[in-house]
């Protein structure tokens, strides 16, 4: 039977519950336990798919096509375990399910209420993850902050969960803040005390406190927190600010988080194997020369909008012994200021995904700059579509070329709507989503990077390359290096005349892992290193890991 761990947060939002949950998952996995992690988000949206990146950050896409919270990306990267749509639960999806059941008459005329119907639905979602994953331990992160009205049904549900399983099958972790007051020179415990008091008033006594702080927490302070909060002193776990999120598992291991959780759950504390993770952190802290990568996007005011892209670049730099320096470039600024003022001195350019007209011409201009200046370039989703438009306009002679997303009446729609999207009206959850196969063309850079005939990548798009123009592109020098197995959909393109110019319709960033960088990102960084002084190496001379088999 599975064991269950619940992670709540107090005092402030964005306190790091997701990283704590992901780090615990890594620590448990390093001891031989299988884990699955889910997120309970207390907003009324059914999923974050239609939410603004400025409000929510990136939308992370799972293998089975769910549009989810970016924390699921952390879960996957830390545990190297694929999550599913079951691992993402929102208040909106809970209410939608309960209301649908009521409309079908499933409640036999009963009065449908938050308690017991909503809380029961929440508990059933957690049990469903357990049944589907067969994991030894299910970790559940509850979004929001204890004390928020919108989180109450979730907190009540995890309180009730004690009745579903044995007391030794469940553990509660509360992540809280210990602020330092400069004027008094003291770390204050009162916010933590009040947060635990609030949690207790709901009926939940935390078993472990993970205390965020920017400085060391001494034994005396831990004893004080233990006394006021009813938690064993050994279960007061300091979580100091870290130089990298990937060093957090090592810090929490040192402080004994995993040991305490296993003790509460009455599980054996096996030998911990973090040798590869420790080597990764050593490499991260001792990088080689810096590589400057420009990320040209629409949402650059909020870096979390491109979180997986940043992490994929970081993974590639770790593997290539490089220090990552990201230059955030607004696509709209390129339209007004020109690429020569914003992209000079850049070692590589990434144009990530997005939607709508705003900033598209700036992206196209940046791609032209990368092509003409022979700067390593990687386009993702909309980035590939912009690369296609740039080539059509400037090389293939189609000056009016564009996407039908940008101009429904375009004379040359080199990018057009997927046929199956023609009659779609709703925006949420209706795109081409999830994992699809891509057949790679032999003797192309893409094939060489992957080292596979067929790869599987995650998608999130409505528009595609228009095959009416395929012959024109190939004849003018474009190389189509990856398609759907039936050859109908163009998935990966490249320019053989360029040091590194490739773009894909999918989102490779979702599959990159700290110890297994995605081949396209690693290839980009390796190509960028050739532009650095005193870096005598050939592009792709290193044998890239067999990415898909190790996935």
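For all residues, glycine too, the Cβ spot is worked out from N, Cα and C.
Per Swiss-Prot, the feature region 'Amidoligase domain' maps to 1-267.
Under 8 Å, Cβ to Cβ, and six or more positions away along its own chain, residue 193 (UTP binding site) finds 225, 228, 229. Secondary structure at residue 193 (UTP binding site), as computed by DSSP, is helix. Under the heading UTP binding site, Swiss-Prot lists 13, 188, 189, 190, 191, 192, 193, 224, citing sequence analysis as support.
Sequence annotations record features per position, and here Swiss-Prot assigns ATP binding site to 14, 15, 16, 17, 18, 19, 71 based on sequence analysis. The Cβ neighbour count for residue 18 (ATP binding site), using a 10 Å radius over every protein chain in view, is 25.
All protein chains included, residue 71 (ATP binding site) registers 25 other Cβ atoms within 10 Å of its own Cβ. Look at Swiss-Prot and you will find 71, 141 tagged as Mg(2+) binding site.
Taken from Swiss-Prot, the feature domain 'Glutamine amidotransferase type-1' applies to 292-534, supported by sequence analysis.
The L-glutamine binding site annotation in Swiss-Prot covers 354, 382, 383, 384, 385, 405, 462. DSSP classifies residue 405 (L-glutamine binding site) as coil under the three-state reduction.
Positions annotated as active site, nucleophile by Swiss-Prot, on the basis of sequence analysis: 381. Cβ contacts within 10 Å of residue 381 (active site, nucleophile), excluding its own Cβ and spanning all protein chains shown: 23.
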Can you tell me how many other Cβ atoms are located within 10 Å of the Cβ belonging to residue 15 (ATP binding site)?
20
Round to a whole number and give the Cα-to-Cα distance in Å for the pair residue 192 (UTP binding site) and residue 381 (active site, nucleophile).
44
Cα-Cα, whole number of Å: residue 18 (ATP binding site) versus residue 381 (active site, nucleophile)?
27
Cβ neighbours within 10 Å, counted over all protein chains: which one of the binding-site residues 13, 14, 189, 385 has the most?
385
What is the number of other Cβ atoms found within 10 Å of the Cβ of residue 191 (UTP binding site)?
15
Across the domain 'Glutamine amidotransferase type-1' (292-534), what does the mean pLDDT come to, as a whole number?
93
Distant-in-sequence Cβ neighbours of residue 16 (ATP binding site), under 8 Å, six or more positions away:
9, 175, 212, 239
Relative to the Cα of residue 71 (ATP binding site), which of the binding-site residues 189, 383, 384, 385 has the closest Cα?
383
